[in-house]
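Residues or ranges marked as transmembrane segment in TrEMBL: B:20-39, B:85-103, B:124-150, B:156-181, B:193-215, B:235-256, B:294-312, B:340-362, B:391-412, B:432-451, B:458-478, B:498-521.
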Amino acid sequence: MANAITSDAITASGLRKAFGRTRALDDLALTVRAGEVHGLLGPNGAGKTTLLRVLLGLVRADSGVARVLAADPWREAAELHRRVAYVPGEVTLWPTLTGGEVIGLLGELRGGARRARVAELVERFELDPTKRCRTYSSGNRRKVALVAALASDAELLVLDEPTAGLDPLMQAVFEECVARAREDGRTVLLASHILAEVEKVCDRVSIVRAGRVVDSGTLSDLRHLTRTTVRARLTGPPNGLAALPGVHDWTADGDQVRFRVDGNRLSQVLHVLTEREVRDLVCQPPTLEELFLGHYGSRS
Amino acid sequence: MTVPEGTWVLARLALRRDRVLLPAWMAALALVAITSAAATKGLYPTADSVRQAAGALNDTPAMVAVYGHIADVSSLGALAMLKPLTTGAVLVAVLAAMLVVRHTRAEEEAGRLELVRAGLVDRFAPMTAALVVVIGANAVMAVVTALGLSATGLPVAGSCTLAAAWLFVAAVFAGVGALAAQVVTGARAANGLAVSALGAAFAVRAIGDTTAPWLSWLSPLGWAQRTRPFAGDHWWVACVGLVVAGALMAAAYGVLARRDLGAGVLPERVGPATAGRGLRSALGLAWRLQRGSLLAWSAGFAAYGLLVGGVADQVGGLLDSDQARELFTRLGGQSGMTDAVLAAMVGLLGVVASAYGVQAALRPAVEEDAGRAALLLSTPLGRPRWVAGHLLIAGTGVVVVLAAAGVAAGAVHGARTGDAGQIGRVLTAALAQAPAGWLLTGLVLAVFGVAPRFAKATWAALAVFLLLGELGPALGLADWLIGLSPYAHLPHLPGGAFAPLPVASLVAASAVLVAGGLTAFRHRDVG
């Protein structure tokens, strides 16, 4: 247990936050282990940004406990921020400063610029640091914030929708940078609604819905809890296959059958299936999209 | 000529956004004029008393410098509307210019105009909508004012002339705002440009009215007075104003027709690729963001100081009545008279310097509203430290602009009178205005700490304080009410006595407001 505490970068439980009548966080619990890339997945308005702001001490939770790198984010914000770098969901910069100046300023505020690292990142992200921020597109503004965050020595990177506005090439650069941050032993908390991105870079995922974390785990854990899609062509009749426990959404079209199976019933159902004459069989694990739809579509 | 596509939709949007500001502003100004008219009537019941009061005002150079002449000393209306005419014209001009900028360049700078213009909206629609709303709202106010003044028993023609004067000043400065918004790329800079133009108009008229009357014909505020409400009603002067307003707007449309979205007249330049030495701390950033504005304000104050210093000693020549000579002697002869002029001009500086303080102290609220605060505060930078940078600049900036005016006025005045000691006297007088500016600065911070959304409402407090001081005595308001204004507690320097207690109280109150604001800010959410 002691080990578990020291190896968690972020723990939160019972977090609640209301803005007027809107409940942004509703009894939210989250654990992010040190050294992992953790994805916070949810649609717009699920409470992801509010959660990040609570974890950064910018917003105070109405109730609940949050510990970030073993510190209280509200009371020890400034000290905590020495070890954290943040990229906001909507990056607004000072219109009259150049991108390079903003990166330098943020570096100084975080305790000294890492010039070599900044230069390398600026080149990789193909950013022109001599331009005034008012002339940047939103993607370029995000690059400025990303370069500043990635160039820092922060142990924890908090990234809110980090690739919004970036082109696919830059997204690939970003993914490499996150992979390198993990190799360096840094923890990354990444909020996103882009499933492919989370699928590519995250070790573990927490799914946020209406202010709560409704599911948390590795992608394979989450898949295990959900349904696999099975398509098969049978030579004979299916004979009660549809009535087996754990089989859902059954459709039959001639000799083609299609259904979904609960993860924990898969082996039993396949066992029964192979007793039939099977000419063709496709088993497809749930995509993240289906995980997502499971939480936001049918169950909501 | 047809109205550009999308104008009416955008005009409705602007009305929706200003649904509180516009009616409140219009009602306040109309009410000030109407209550002044009613109150003045009670104060001067006989024709003789009107003539006496008007004559005395015309013979007081300080009053003439700030408000201009009363064109007809036998007219009760002209006497009653002396202060509302000028004060109202200045306030109307500020609002007109800033509203046009708010609905044009500010929208463009925020990126919202890109979205709007991509719709079924003509290139000229946003500016047309802004002008329509601003001039339309002022026209409504003009009608209300004219009706209200007539209802108090003042002549209808004069009431309409005064309303028309306000309306054309609004139109001229709507044009100034429109042109400024096209020329520069930042809304803040556009506002600064428009307010500088207003300051120049005021200074030119002040000098013209006290020393060279032809100069006043170069200032829109001078035209406002030369419409002569209740004193001959020279309507055609308002038409001159409307022609100038039209020319300014045509120039603005001309620039708009030639420039790209987001651009100004000057092309965008590249800048340094890394942060320089000065940009390594919160204070460095605050300075970088505010230095241009402080420099511009200081230059404006220095220019005003030069003008004041140049005219202050000439006012003795204006004295040609018995009452004036009596006043003159009571004030202590030539030097007493000059001091009274200087004190009046310096008093105005105090108000304008607190406007600088408000603007500078609003910066953290602006930064938070724009979403830049969260990025900064996610670094080890503590909240009080972040705010302190801007606060320091606001507080010292108030002193710097006052010093610029004081030194300039003192130097010119000293050179003209051959008395180098005047520099110190006038500078001290100017600096003595600083505590009022600090109080407003503290007020901004206190509101920001509790509810940043309402920080900008501190501008309204400034307007209320100004009106309390300007019109409170005439309206017969209670002393404690007038005493709410920090300007009521400033010493009348040079020439007057310096009472340390009121000044010390202002400083203490400012410190309490700042401390309260900082504490509240530490305990609230940052957006």
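The backbone N, Cα and C atoms fix where each Cβ goes, and this holds for glycine too.
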Considering pairs 6 or more residues apart, do the transmembrane segment (B:340-362) and the transmembrane segment (B:458-478) have at least three CB pairs under 8 Å?
yes
Against which stretches of its own chain does the transmembrane segment (B:85-103) lie, if we need a Cβ under 8 Å and a gap of at least six residues from its ends?
10, 14, 17-18, 25, 29, 32-33, 66-68, 126-127, 129-131, 133-135, 138, 162, 165-166, 169-174, 176-178, 180-181, 187, 190-191, 194-195, 197-198, 201-202, 220-221, 224-225, 229, 463, 466-467, 470-471
Contact check, the transmembrane segment (B:498-521) vs the transmembrane segment (B:124-150), 3+ Cβ pairs under 8 Å, seq sep 6+:
no
Per Cβ pairs under 8 Å, the stretch of B:156-181, B:193-215, B:458-478 packing most closely against the transmembrane segment (B:20-39):
B:458-478
Can you work out whether the transmembrane segment (B:235-256) touches the transmembrane segment (B:124-150), with the criterion being 3+ CB pairs under 8 Å where the paired residues are 6 or more apart along the chain?
yes
Near the transmembrane segment (B:458-478), which same-chain residues lie under 8 Å Cβ to Cβ, leaving out any that are not at least 6 residues past its ends?
24, 28, 32, 35-36, 39-40, 43, 83-84, 87, 91, 351, 354-355, 358, 362, 440, 443-444, 447, 484-488
